[in-house]
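For reference, TrEMBL has these:
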type    : residues : note
DOMAIN  : 49-353   : domain 'Aminotransferase class I/classII large'
MOD_RES : 220      : N6-(pyridoxal phosphate)lysine
Ligand SMILES: *Cc1c(COP(=O)(O)O)cnc(C)c1O
């Protein structure tokens, strides 16, 4: 008799699941770029208003993401151009999945740089696309000639550029990304998951460049728990995407929370500003520690090259701090770790371990 599991696609059976770290009690969690605190913490009145908003959410009704008012709230908060059409996703992860599905014709190619967000390549495999990964330079800058050559050689249907990049934190040069968008005939997704922490954005161009889709998320600015991402681009492409997105992919509680958050964006912005200041302070302190190298970051995390990533990971763990070990994920990430920028107290705890480990 054939085992039921043998009917599952062989390529999926050969995959390993995305590992979500399980965090012991009392640990400082700095592995996934989450915000250190609840976005409305410390403001009792705001908290009460939000709870009232949630209490009024229509739990008995299917959500209507298009008519929820969130799209307009996002336009207002982030000055998304009128020319752009917006799609909402259950996290930008879901949008990556459906944009990939949209272009996954037989024989089509996805192109991304490496190392970058692992979900791009994963989705290419999931939907049977060819995948071309172009290595970054050793300092994690874009190897533009190599990228342009690869685009001309493979004519990708879909290009993903994380701007700033994850897991490196480096933001590529704007002119280089413009050259990629200009050269590619297919759709170029500029993934601005960390856009709020960066000096630059392609959001103002959304809707006016035919092959550009700008993708963002509220996950890294305090709302990883509500799973809301959005993409903005020209109607021609976004109309096609709308055909395949599940009609009820968002939930009423998340929609209500996100709308509420956009109305109180000054509060969220204040949190972003604190994290940016903390990042700059950390980079300064890190530059004084001899045996490690911190890469420049425009995100809410810092990538470090250290003498031994595994030992640092274990040492942090003993200090009840969970960080991300990048070593082993890509040759360019040898002996690298990635640490989320947290609260001032959490960052002090990280710096104390680093100083103790590497100042000799
Ligand atoms: C975190 C991250 C995402 C996923 O964000 P969600 O909206 O939480 O799904 C997408 N792209 C990059 C580059 C990220 O780092």
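The chain as shown is numbered from 1 upward.
Using N, Cα and C of the backbone, Cβ positions are placed for all residues, glycine too.
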Count of other CB atoms lying within 10 Å of the CB belonging to residue 220 (N6-(pyridoxal phosphate)lysine): 26
Whole-number mean of pLDDT values that fall within the domain 'Aminotransferase class I/classII large' (49-353): 97
